[in-house]
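Okay, so TrEMBL annotates it like this:
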TRANSMEM  20-41  transmembrane segment
DOMAIN    33-419  domain 'Cation/H+ exchanger transmembrane'
TRANSMEM  81-101  transmembrane segment
TRANSMEM  113-134  transmembrane segment
TRANSMEM  146-165  transmembrane segment
TRANSMEM  177-200  transmembrane segment
TRANSMEM  215-236  transmembrane segment
TRANSMEM  301-319  transmembrane segment
TRANSMEM  331-354  transmembrane segment
TRANSMEM  366-387  transmembrane segment
TRANSMEM  399-420  transmembrane segment
DOMAIN    524-606  domain 'Cation/H(+) antiporter central'
DOMAIN    615-773  domain 'Cation/H(+) antiporter C-terminal'
Amino acid sequence: MDTDENPVKDPRCSQFTVMKVANIAVNMLIFIVTLALCNVLHMLLRPYSQPRIISEAIVGFFLSNLPILRNNFNEDANMALGYVAEFGMILHMFVMGLEIDPAIFTRLPIREVKVACTGLLLTFLLAVFVTPMLQLSYEPNFEFDVFISLILAGTASPLLTRIINDLKIGKSDIGRFLILTAVISDLISILVFTIGYIIFDPLDGFAIRNINEVLLMLGVLIVQTILAAKCIPLLMRWVDSQNPQGKLMKGSHLIVSIASLVLVCSFSPLIAHFNMMLSVFLAGIVMPRDGRLSKLLAGKVKYFFGLLFFPVFMFWVGFEVDFSEFEVRNLLTWASIFFLFAIILVGKILGCLISGAMLGFHWQDSVAAGLLLSIKGHFHIFMALLAKQRDIISPSSSIVMVLVCFLTFIYAPVVVKNIIKRARKRSPTQRMALQWLNPSNELKIIMCLHGPENVQSAINFMEITQGTTEPRMMVYVNDMIELTDATTSTVARGEGMDAMSITDEGILEMRESITNTIQAYVNDQSEGIDVRRLLTLCPLATMHQDICTVAEDLLVSLIILPFHKNQQPDGKFNTNHLAFRSVNRKVLRHAPCSVAVLVDRGLGSTQLSRETQCISAAIIFIAGNDDREALAYAGRVARHPGVKLTVIRFLLDTNGNNVSSRITRARASTTEFEEEMKQDDEYFTEFYERHVAGGNVAYMEKYLSNSGETYSTIKSLEGDYNLFIVGRGGRVNSTLTAGMNDWEACPELGPIGDILSASDFSATASVLIIQQHKLRGKLQGLHEEFSIM
């Protein structure tokens, strides 16, 4: 007889499931709150230049030590956090090894190696001598003292790199020196760790391994290194060839690549029980760091770290560091904090002073280098907690070591500010303008484009600007593309934390067409011109910031902006790019170099060359910084054999008795006006002797009494020239232009540029309006590539 069995659900099982789901939800909420608080605290600490790790540590320690969280955060969640921390550290070590150039073993940077080795050695010797007296471990153990000494002697190069770049000294000589020295210091200390791990077993009280284990580890590591150095590069090159830049990488190729990397990096841990973190670091060193796949992996891991791992890591550290176990009343605890911190600082500073004296460094730079090379980071914190988990040191000793690690990077912003302060005193005032550019130095220009309609005028501009083939000219051709809702959907994160790539077919085709046209000109007709491509892809409201930042980073002397109106075949202007007018205005206001606005009315309709005289240009010189900058640019144009240049100087007729003449004579008695006139006369005389006296440039003078005569004289030049070069003149109160700004249609062009670019002026005369870079204050800012060492 069949019977139906209806199983009865156990209410305890259902209750257990609900509790599990509730715990997961609470844990997720805690993580979200942690991330949010980290971001808020980082914004609050930003005015004090504190690194992000400070806010992460404060939030992690605060939340994880709240009784309500610590008592209700179950062991499973804590164990999961531990796994996340360990997995993250494995990725951290892999990227750290991947970013080290293997060529460092064959081409040793002598200065950096000397400083790194001296600091390492002195700190290590001090630590080996002092740490046994601090009784950090449960039992006296010389091997453990060596292990602790290595941790104290190392430098957290990833954290130091982040701090230096965040504080804007990464491109300076001392910034580059510190980053490379920290990398070498990390490399040496971790290689010593590796040798120690092969010989001693930390899981067995640092007992010496038998010879078979040592030989097995060495043999497996050699095979793994060969696989990582020979086989992985072949795979990466194949993946790169199958996935060109600008297109999304195929998922199957990415999966195969990651699986191969995991297999190679796990080779020694699986076979010889080698440490996974050390294994991935050694494999990463010999793998190629160039190529799309390597940069993609490094970029994604760094993005994951900054967004999620570092806050979660500090949250886990807070749980592992139970302050209730901190022996506050034990004098040896405070002595340990003081002496460990003192060992790090004294060893590094003394080492940098000794090596710096041999290398001829200033003692202030040596002290600053020692302080910054003392920084400890996530790896050192993780190793301290790992020693506690292995019952090698007490919980109180692990808290001591973690606190010492935090103390080493709190002072970093103060040290960097001191470096910048001394650099400001040593560095001369630097004006990024054509007038101040050494004629023997390379001219760097950013040429901005709205689209293909600006390409031919940009090519002709490059042609006449180069003049002669020496010195060379570097032109960065920059596509200005507005980031709209439509283009946002086609943007993909590229290699690096902040890099982006666009997949819109129309934009890609437009950029490729522009590139091909310009490259064809460079290959076939230009000499002495190097071209690089740039892309500014952002909302119009912030586009000027990106342009100015790039100009500052590249040390350019001139930014060329296309006028926001394009001339149509019938001679009228269209307003297709009217929104870019605000971008031009903001760039003129904030640019770190000289800026020019190019009004194209025929310059892009023909192809200029050196063989024949094909363009007639005029420079109108009145007075002021901007006119001197325009004259400096005209000096380059004058060297081009295909340009017939005329200099037209407008001079005030001071012999008259009209009101304007009397006012000018009164102003001429002031010191400021006399100095301005002196600079104008000196620079114009220099230009005249170099270009006009030899017959290469034509010259005429126009004596005028007021702005009305200026206007009529400019109108009389209509039809005589194909290109006018003028200064913006916005900062000059000249009698010859007084009152003109009251009826300017485009104030950003200045009074003269506004007249020349008006719709009622010649439809065949292009205009270049130039504004000279002017420092705000004697030395308000300091360029990122400053030199101090």
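Glycine too: its Cβ is placed from the backbone N, Cα and C atoms.
Please treat TrEMBL annotations as automatic predictions, because they have not gone through curation.
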For the transmembrane segment (331-354), find every same-chain residue at least 6 residues outside the stretch whose CB is under 8 Å from a CB in it, and list them.
115, 118-127, 130-131, 134-136, 152-153, 361, 363, 366-367, 369-371, 373-374, 376, 396-397, 400-401, 403-404, 407-408
Under a Cβ pair cut-off of under 8 Å, which of the recorded stretches 177-200, 215-236, 301-319, 366-387, 399-420 contacts the transmembrane segment (81-101) most often?
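If we count Cβ pairs closer than 8 Å to the transmembrane segment (81-101), 301-319 scores highest.
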Would you kindly check 215-236, 301-319, 366-387, 399-420 and say which stretch has the most C-beta pairs under 8 angstroms to the transmembrane segment (177-200)?
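When the Cβ pairs under 8 Å are tallied, 366-387 comes out ahead.
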What does DSSP give as the helix, strand and coil breakdown of the domain 'Cation/H(+) antiporter central' (524-606)?
27 helix, 25 strand, 31 coil
Compute the average pLDDT of the predicted model within the domain 'Cation/H(+) antiporter central' (524-606).
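Mean per-residue confidence for the domain 'Cation/H(+) antiporter central' (524-606): 84 out of 100.
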